[in-house]
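Enquirer: Quick one: the structure is below, and I'll ask about it shortly.
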Amino acid sequence: TSQRLAAGTSRVLASPKALKNRGSRSGSEGDSGGEGKTNGNGNDNGSDGDGNKSARNGSSSGGGGEEGRSDYSGETSNTADSKIEEHGQQQQRIAPGEYTSFQAMHRAITPPRQQQREQEPGTPQRSRGQRQEQQQQQQKHEQTQKEAEDTAEEVIAGLRNRISRLEMEIATSDRRAAASTAKLREEAASLWETTERELSSARAQAREQRSRAEAAERECDSLRRDRDDAEEEIGRLRRHVENLERELVSATRAANDDDGTSKKKKKKKKKKEGSSREKNGPPFLPNEETMSYLGEPVCCLCNRDVTESMRQCQCGRESCDLSAHASCLIGSRHHPTPSISHPGTPAPTLPLILCRGIFDNK
């Protein structure tokens, strides 16, 4: 659009100047042609020696100058063909032997209309009318040229106003674009800063979480090692307890065997003594051996009345008076040991029932 406006402006600006230069050129060339013809006529008529005729021809040659201006202005509007024909007619008027004469050269140079006016006596009056017509035409031409210049100036002013408006719009759009660009740059910078801060905080959190995870993993490893050590210790203690239980059971069985043999011997001896006492004296007095016969509690497992801690049956019946030694209850189903399949768990607390399964334990 700006290129088209510039081209149109250049054409409009060039058109009135070309017209003006063309008119000034035609007028100057016509004046120079008229002066040349006047000087030529004056020299020619001066050679004849006629003063009046030279004055008249001088005035007529002056008119010829004006006519030359009008002829030249008319020639600018003719075509190239008319100029060629007129040149051919001028060559036909010149005789072959007249080139040596100055008068023949003057006739060849002078147009036919001017030669006719020089020969006729009423030529100056016709030249005044032609000058008036030429002045009117020149005035019309100047007026038309002035109107064209005014119109061109108006068009140029309108184009300049339009160009100024377009330049203002372009400047406004440039300012808006610069403002929007600056705003977008500020938003991008703020967004970049926010993103950088969030990214740095996220990286810090990730590092902290990674360190926490590493610490937790180290703690888990230490706990695994502690658990393995505890399991080894528990296994060692369990084996030690089992060995102690086996030793206790074997010792208890050995003691029971020894007590059984001694009891049999004592019973035989008692029978002999009782029979002898019954025969020889009063009944026997109660002692440690005969305490069970007098209603004292006896262990239902080993049938011994050894003075040690005794545990009563917890069946809940009033008629049940069974009791057993604590040492006899170890290793039996009445006193369960800690579970081997579930290490670390305490032994179950069950009620002590002695009135059932006594013979099974034996």
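The backbone N, Cα and C atoms fix where each Cβ goes, glycine too.
For reference, TrEMBL lists these features for the protein:
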REGION    1-156  region 'Disordered'
COMPBIAS  30-39  compositional bias 'Gly residues'
COMPBIAS  121-138  compositional bias 'Low complexity'
COMPBIAS  139-149  compositional bias 'Basic and acidic residues'
REGION    172-227  region 'Disordered'
REGION    249-288  region 'Disordered'
COMPBIAS  263-272  compositional bias 'Basic residues'
Enquirer: By DSSP assignment, list the helix, strand and coil residue numbers for the region 'Disordered' (172-227), in that order.
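Expert: Reading the DSSP string over the region 'Disordered' (172-227) gives 56 helix, 0 strand, 0 coil.
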Enquirer: Tally of helix, strand and coil residues over the compositional bias 'Basic and acidic residues' (139-149) according to DSSP?
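Expert: The compositional bias 'Basic and acidic residues' (139-149) comes out at 11 helix, 0 strand, 0 coil.
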